[in-house]
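J.: Have a look at this one.
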Amino acid sequence: MTYFVLFLGLCFVLGGLAVASNPSPYYGVVGLVLASVAGCGWLLSLGVSFVSLVLFMVYLGGMLVVFVYSVSLAADPFPEAWGDWGVVGYGVGFVVVLVVGLVVGGFVGDLDFGVVTVDSVGMFSVRLDFSGVAMFYSCGVGMFLVAGWGLLLTLFVVLELVRGLSRGAIRAV
């Protein structure tokens with residue numbers, strides 16, 4: 001199980017690197033899917049099933065739609081591939097930043113921040129992420145609606161920014 005969790009963590013980091021150093025929007029979608037599946041699998045292996053399911057639906061249901069619209073509106077006739085030197089340079093730079101962060105984090109990692117587990121150290125019979133469902137639908141409904149409208153506004157802003165002056169792949173008939 002330990003090797004599986006380490007493998008999911010490695011896939012999550014590689015997916016994040018793929019999104020950050022994507023040569024074109026076509027390949028950014030692949031990195032996003034890899035990172036979201038690995039991250040949600042990681043949370044699922046830690047026992048946080050509800051949060052994992054919600055994040056999986058948000059990432060693949062919301063962000064993937066924005067990527068699809070971006071790809072359809074910004075068709076690139078000659079997309080860069082993963083092997084181009086500019087993309088490899090970005091990837092190497094991100095790996096260097098990651099290694100420096102791990103080295104610096106190793107010195108800070110000895111501090112105790114008081115993190116508790118999902119069942120609050122066995123104190124409750126109901127896990128904390130399942131009790132969050134009731135709070136989400138009772139007290140958090142207003143913020144949920146505000147977040148939905150914000151995501152819709154973000155979708156239109158991204159569509160307008162991607163379209164620009166050239167109208168992308170959609171042409172006037």
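Placement of Cβ uses the backbone N, Cα and C atoms for every residue, glycine included.
Note that this is a predicted model, so its numbers are computed, not measured.
Quick paste from Swiss-Prot:
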- 1-21: transmembrane segment (TRANSMEM)
- 27-47: transmembrane segment (TRANSMEM)
- 48-68: transmembrane segment (TRANSMEM)
- 87-107: transmembrane segment (TRANSMEM)
- 139-159: transmembrane segment (TRANSMEM)
J.: Restricting to the same chain and to residues at least six past its boundaries, which positions have a Cβ under 8 Å from a Cβ of the transmembrane segment (1-21)?
T.: 27-28, 30-39, 41-42, 45-46, 87, 90-91, 94-95, 98
J.: Same-chain Cβ contacts of the transmembrane segment (27-47) under 8 Å, 6 or more residues past its ends?
T.: 1, 4-5, 8-9, 11-12, 14-20, 53, 55-56, 59-60, 63-64, 67-68, 71, 79, 82, 118-119, 127
